[in-house]
Structures are given as C-alpha cells and as structure tokens.
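> The structure's right below; bear with me while I get my questions together.
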Amino acid sequence: MSVAKEFELANDKYSAGFTKGDLPLPPGRKVAVVVCMDARIDPARALGLEEGDAHVIRNAGGRAADALRSVIISQQLLGTRELVVIHHTDCGMLTFRDEDLRKKLQETTHVTADHFAFLPFADIEQSVREDVAFFKHSPYVLDVPTTGYVYDVKTGAIRKVEDN
Ligand SMILES: [Zn+2]
C-alpha cells in the first residue's frame with residue numbers, strides 16, 4: 001500500500017470526529033513558527049498548538065530566507081504579530097555544504113545548479129541567531145517579538161537562544 005493510501009485511511013478516522021470546522025482563517029494566537037521539516041519534530045504537540053492557533057512554516061533547516069514569502073503573507077494578510085524560529089540538534093543541514101549538494105544534483109539530474117543556495121549551516125545556535133536577525137533586519141518583515149530556539153531531538157525540549 002502506498003503511503004498516500006495510508007493517509008486516506010488515517011484521514012477517514014480524523015475527519016469522522018472533526019469538530020474544528022468553524023475556525024477563522026487568521027491564526028488565533030497570532031504567531032508564525034518557522035521550523036525545520038525534520039520528521040522527528042511534531043510542532044503541534046511539542047509547542048501545544050491546536051488547529052487554528054498558528055502558522056507553522058516548515059522547510060529544510062527552518063531557514064528564515066526560505067520562509068520569507070510565507071512570513072510576509074502571514075503578517076500582511078493574516079495578522080500574525082510574533083515570530084518563532086526553531087532549529088534542532090542533529091539537523092541534516094549540518095551534514096553537507098552547498099557544493100556537495102550541487103554536485104549530487106548535477107550527477108543525478110544533469111542540471112547545473114551553481115546559483116542554488118541550500119542554506120546549510122555549521123553551528124545550530126549560530127544559525128538560529130542568524131535567522132532571528134534575518135527577520136529583525138528584513139525590510140519586508142514587521143518589527144515583532146522574535147524568539148529563537150534549539151529543539152533537542154533526544155529529549156523533545158526546546159532551549160531559548162535568542163530573544164529579540
Ligand atoms: Zn533539520
């Protein structure tokens with residue numbers, strides 16, 4: 001069975017007991033969370049989020065530059081007024097450099113990707129600080145409370161590293 005088929009079965013159960021059909025479009029807690037796509041992180045459970053609470057913007061590494069388009073939409077059209085950035089221990093972004101992935105991409109697709117920045121990093125706390133600073137200094141992003149955390153995949157705990 002494909003995973004998509006498994007999703008359909010799981011969703012039958014989820015939707016059968018669904019009671020959140022009347023939520024407003026803007027996030028109730030007026031927050032956007034930018035977090036790595038890592039499969040070990042469940043932002044809803046780790047942060048106490050329910051349907052309708054928050055925008056959770058996920059990408060490889062939880063990088064701010066990659067999330068910018070969504071953050072602008074979140075703030076300008078859907079009223080969020082706080083930002084949270086979460087990177088994590090043992091992140092895949094610590095394991096490669098741009099040139100490594102460009103080479104691999106060229107080998108497998110025969111496409112040159114020299115212009116592509118995959119935004120890997122070498123230090124988790126530093127990457128969180130960089131991304132909080134990115135939002136703070138971006139002319140496209142409102143000046144809102146912005147907090148950065150490192151999530152520990154071994155313990156499930158978040159640790160604050162930047163509060164701005
Ligand atoms: Zn990651």
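The backbone N, Cα and C atoms fix where each Cβ goes, glycine too.
As annotated in TrEMBL:
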BINDING   Cys36, Asp38, His88, Cys91  Zn(2+) binding site
> Provide the number of Cβ atoms within 10 Å of the Cβ of Cys36 (Zn(2+) binding site), excluding the reference atom itself.
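Around Cys36 (Zn(2+) binding site), other Cβ atoms within 10 Å: 23.
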> What is the total of other Cβ atoms whose distance to the Cβ of His88 (Zn(2+) binding site) is within 10 Å?
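Result for His88 (Zn(2+) binding site): 22 neighbouring Cβ atoms inside 10 Å.
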> What other residues of this chain sit with their CB within 8 A of the center of the CB atoms of Cys36, Asp38, His88, Cys91, the recorded Zn(2+) site?
Val35, Met37, Arg40, Ile41, Gly61, Gly62, Ile86, His87, Thr89, Asp90, Gly92, Met93, Tyr151, Val153
> When DSSP is mapped onto helix/strand/coil, what comes out for Cys36 (Zn(2+) binding site)?
strand
> In terms of DSSP three-state secondary structure, what is the assignment for Cys91 (Zn(2+) binding site)?
coil
> Name, in the order they occur in the sequence, the residues of the same chain whose CB lies under 8 A from the CB of Cys91 (Zn(2+) binding site) and which sit 6 or more residues away.
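Within the chain, Cys91 (Zn(2+) binding site) has Cβ neighbours under 8 Å at Cys36, Asp38, Gly61, Phe121, Ile124.
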